[in-house]
Amino acid sequence: MITLFDSIKKQKLKFEPISPKQVRIYVCGPTVYDDAHLGHARSSIAFDLWRRLFLFLDFKVIFAKNFTDIDDKIIKKSLQNGISVEEVSERYIELYLNDMHALGILRPDLEPKATSNLPQMHEMIEQLLQKGYAYKGENNDVYLSIAKDKAYGSLSQRTTHEQNQSRITNANDKQEESDFALWKGYKGEDDIAYDSPFGKGRPGWHIECSAMIEKHLAYDMREKQEYEKQEFAIDIHAGGADLLFPHHENEASQTRCATGRELAKYWLHNGFVNINGEKMSKSLGNSFFIKDALKVYDGEILRNYLLGVHYRLALNFNEEDLLQSKKRLDKIYRLKKRIMAERIADSIPPTKALDSTELADQLESLNTLKTHTKNAQDSFIKPLLEALSDDYNISKALSIIEEMLSISNDYLDKNPKDKAYKLAISGNLACIEYLLGLGDKDPTLYFQLGLTEQERQDIESKLQARTEAKKQKNYVLADSIRDELKSQGIEIMDTPQGSTWEKI
């Protein structure tokens, strides 16, 4: 049984999909006017973990994340840089996807853009006008009347008087200050405007998500008869806690008023990443960009750190905590390295399974990885799945993993040649890789992260010189080479198979 914390009910609920063994998930994506920061990384990792769990449990998952490529900030950036809005958005979409790939995020099934879904937005706005929930203001503006939606506030538990954000300046033509824009009529302030049945202009912030969900997840994925009888458009809508109000509240209101159904059966929200006690955001000027973090830390190390706190809680970013959490990842790779020392035919999962940026390749790699998970010990995988299925109880899951690593090493100390046990441990590690996205590298390369190819070659040359010195019984030279490498942060391990090294 899967339970998840629903933001409407404010409690953990049993997950019951709209359609058996199928789950439709929509996550609010970025507004593409700047580089992504660790707050974006946290949200993406949180819902990537949920997606992986559903896939592991053999659900058919349809996962969508949008790109907001119509926004005043994008227009401002284009004017500042003397390039088109399209060039700005495409540039930052590409950079965002690169960041997500570095963090081990599975590519979404659907990546709709606002600019590609204007007809769907027009259609929903027209529905709202026809049903009397929306009204036209001056200069081709269209607003939704919050007072006419009696269920408004059911998601955020906030009143209409608190609705004061719509990504536009306050207008004089609103019936109530709390009403929000569905369509912003063109005021001549720039050259960016789109044709619509209401006149030239741009869509409001909230309408794009409702329209894209209705088009790509609610309707396109179902037969017409099934679509019309559904109470909910999708199973899960997810995003950062900062989007709960007003964005998600307004999305829910638009869909409810336009279609007569609720937008999502369950709403999930992840906690912030805080720096010095403040939420990380571009507007606050305290963003730690993913691209900058990746210059210092491998993406898997960042992923391991960001998933270590329950997805609903705030994470107070601290580099000391990050380095401390890396020890957990080191333990995973040390055990992997240990069982790889004696390969068991094809029992070891392929390394870097998700190296491709294409979704089809990633899913194929996951399917291959899944075959290796069948070797896992029941004593490990059953409690692990129970923990993850309990609103993704990551602290309990990590404790189970730590215990497995410790028990496995103790057993192998006493029984180093037990191939059947090593096969089972390889299955355990495959489960960790599939579910958490950790441990997909060759362990030798993992322990050499942060070095250039030239630096690796220099170390290998010194290691060969040390080996030759030992053959010549020149132990003084051999020890001096070891000491020299140690002073450079390189540790040498002598094994029956030869000497290896790691970056400390």
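Any Cβ shown, glycine's included, is placed from N, Cα and C.
Note that this is a predicted model, so its numbers are computed, not measured.
Annotation comment: TrEMBL describes C28, C209, H247, E251 as Zn(2+) binding site. Counting only same-chain residues at least 6 apart in sequence, those with a Cβ under 8 Å from the Cβ of E251 (Zn(2+) binding site) are H206, C209, S210, I213, H237, L263.
Here TrEMBL flags K282 as ATP binding site.
Residues annotated as domain 'tRNA synthetases class I catalytic' in TrEMBL: 15-326.
The motif ''HIGH' region' feature in TrEMBL is assigned to 30-40. When averaged over the motif ''HIGH' region' (30-40), pLDDT in the model lands at 95.
The motif ''KMSKS' region' annotation in TrEMBL covers 279-283.
Residue counts for the motif ''HIGH' region' (30-40) by DSSP state, with H, G and I taken as helix and E and B as strand, are 3 helix, 2 strand, 6 coil. All protein chains considered, the CB of C209 (Zn(2+) binding site) has 30 other CB atoms within 10 Å. According to DSSP, E251 (Zn(2+) binding site) is assigned to a helical segment. Surrounding the centroid of the Cβ atoms of C28, C209, H247, E251, where the record places Zn(2+), the chain contributes additional residues within 8 Å, namely W205, H206, E208, S210, H237, G239, L243, H248, N250.
Under a cutoff of 8 A between CB atoms, and with a sequence separation of 6+ in the same chain, the neighbours of C28 (Zn(2+) binding site) are K65, N66, C209, A238, G239, G240, L243, H247, H248. A coil conformation is recorded for C28 (Zn(2+) binding site) in the three-state DSSP classification, outside any helix or strand. DSSP assigns C209 (Zn(2+) binding site) to a helical segment in the three-state reduction.
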